[in-house]
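Features reported for this protein in Swiss-Prot:
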- His71, His73, His241, Asp316: Fe(3+) binding site (BINDING)
- His71, His73, His241, Asp316: Zn(2+) binding site (BINDING)
- Arg80, Tyr143, His176, Gln244, Thr321: 4-imidazolone-5-propanoate binding site (BINDING)
- Tyr143, Asn318, Gly320: N-formimidoyl-L-glutamate binding site (BINDING)
Amino acid sequence: MAAWDLLFRRVHLATFAGDEPYGALRDGALAVRTGRIEWLGAERDLPREARAAQEIDGAGGWLLPGLIDCHTHLVHAGNRAREFELRMQGANYEEIARAGGGIRVTVIATRAADEAALVVASRPRLARLIAEGVTTVEIKSGYGLELSAERRMLRAARALGDTAPVRVTTTFLGAHALPPEYDGRADDYIAEVCDVMLPALYREGLVDAVDAFCERIAFSPAQTEAVFRAARALGLPVRLHAEQLSDSGGAALAARYGALCADHLEHLSEAGAAALAAAGSVAVLLPGAFYFLRETHLPPAARLRALGVPVAIATDCNPGTSPLSSLLLALNMACVLFRLSPAAALAGVTRNAARALGRGDDLGTLEAGKLADLGLWNVDTPAELCYHLGYNPLALRVFGGQISGAGDVAQG
């Protein structure tokens, strides 16, 4: 037989394929050729003639799919530390937003930054995720709120993916907030999003999916639906920030349009959960924002799972409500705050996160034919990835069949 490029021996495999927790296969081996998994199974079943250009002794560690952060606002300029101080003095998210703070503060800073500055500002956040075994990251626009600034954000996201060992998927979030120049004219702004911004950015190849923020401080269900119609006319998948602060019916709307996912969902109704289940949409839970905003209304994680809704977990990395660039910490938060099991939480940053990005066919599980994005972890059980605080047990990271890490992120 021809030599494999890479062969892992003496590893336990957490495949996340099938119905068993972790999809565990102990005392396993896994082989890679031309960037994809070619063989995996019990090490005793390796072909006798098996050989590889490079062999890795896993020393009894656990091999998992590369982690996926499926909801981030990673590209932005500035920070909102002052807003954090106000919140600690008693102001809430809605009060800050209605007083002209919140997202608009980041819009001002991001509009003032050129593409190169956005790349430089965002690269350390991406490097921290990569260092924790993340191999795929979703990055949204939404802090430009006009064509040229939204373009710069999406181009910066593409540039990050081109210069780092990570897959970046881009999401156009023009309907994130109402820019100040459109005060009192939300319908006019949505028309600009749908008729000008989205078509232009789509033609430039900058958009993989379209998102919106359906909430009383953002956009109505009718305005959100206009964005969805425009996306669907271009053949683009949709996703939605829904039911974070109130039950607006956004999840049911997302389900009606076959959305990849609906995200946040703290105030999700039974009808909304059932709609997501019927549509096959993923529920993306964001414990960082829940924690940072000191929310008390839990998303119905157990009910979602009982209904068969795939549950994903993400950092929601953003400057205002979740300045978090640690997916490992998000895993712990999901278990402690949302009462997910470690197996369910880890499925949420592998198999279900891939589904939330429409990449379930080639990412998120260890199966023959899938892309060889892998993490070798120096742990006795996969649950340790959710258990530890401030500790990263990653031993080795593989991206597209090549061993790589945060040190490979270009600094120029």
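Numbering starts at 1 and runs along the chain as displayed.
Glycine residues also receive a Cβ, built from the backbone N, Cα and C atoms like all the rest.
Looking at His73, Arg80, the binding-site residues in this record, the fewest other C-beta atoms within 10 angstroms of the C-beta turn up around Arg80.
In this structure the C-alpha atoms belonging to Thr321 (4-imidazolone-5-propanoate binding site) and His73 (Fe(3+) binding site) are separated by 11 Å. Its Cβ placed at the centre, Asp316 (Fe(3+) binding site) has 27 other Cβ atoms within 10 Å. Ranked by how many other Cβ atoms sit within 10 Å of their Cβ, the binding-site residues His71, His176, His241 place His176 at the bottom. Within 10 Å of His176 (4-imidazolone-5-propanoate binding site), as judged by C-alpha distances, the binding-site residues found are His241; the full candidate list was His71, His73, His241, Asp316, Asn318. The distance from the Cα of Asp316 (Fe(3+) binding site) to the Cα of Tyr143 (4-imidazolone-5-propanoate binding site) comes to 14 Å. For Gln244 (4-imidazolone-5-propanoate binding site), the same-chain residues 6+ apart in sequence whose C-beta sits under 8 angstroms from its C-beta are Glu215, His264, Leu265, Glu266, His267, Ala289. Here nothing among the binding-site residues His71, His73, His241 falls inside 10 Å of the CA of Arg80 (4-imidazolone-5-propanoate binding site).
His73 (Fe(3+) binding site) is 5 Å away from Asn318 (N-formimidoyl-L-glutamate binding site) when you measure Cα to Cα.
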